[in-house]
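Peer 1: So TrEMBL lists these for the protein:
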- 1-31: region 'Disordered' (REGION)
- 1-23: compositional bias 'Low complexity' (COMPBIAS)
- 85-159: domain 'Thioesterase' (DOMAIN)
């Protein structure tokens, strides 16, 4: 097994991400022929944020919906999520782009999380403490070895764009 950036590949995990629901599952919304259900995606995300690692900063994130290649999450900005200016921290924004686009990649037929090779974020406005944000990830293309995603962070109340990320992941061969 390959060692993933920032984690180890362990039994039951791929690139440090739990991948429950592999194979045929009964019931639940199907994410593709691999049988990844909405509930198993929820469990994979829960596994990530309940770890002792960095992803625990996302423990307040909630999965709202998922369709193959598209995931929408919600999070209320709290003080622990902010920079010294009292707005959503840019590093946390980058983490949201990474994690939610990976969730969208998991919710495809291949159900492979991949390893990041490139990520770009454009910050367009600030999110303040108490505001609820939506994080919408869409897989633009999934090839043999690379996947490309876009992620929009928007203010839930106004729809205003807070940041837009682009994420490229290596899927292996």
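Cβ coordinates come from backbone N, Cα and C, glycine included.
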Peer 1: For the domain 'Thioesterase' (85-159), report the average pLDDT of the model, please.
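Peer 2: Taking every residue of the domain 'Thioesterase' (85-159) together, the mean pLDDT is 95.
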Peer 1: As a quick check of your reading of DSSP, tell me how many residues in the domain 'Thioesterase' (85-159) are helical, how many are strand and how many are coil.
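Peer 2: Each residue of the domain 'Thioesterase' (85-159) counted once, the result is 17 helix, 33 strand, 25 coil.
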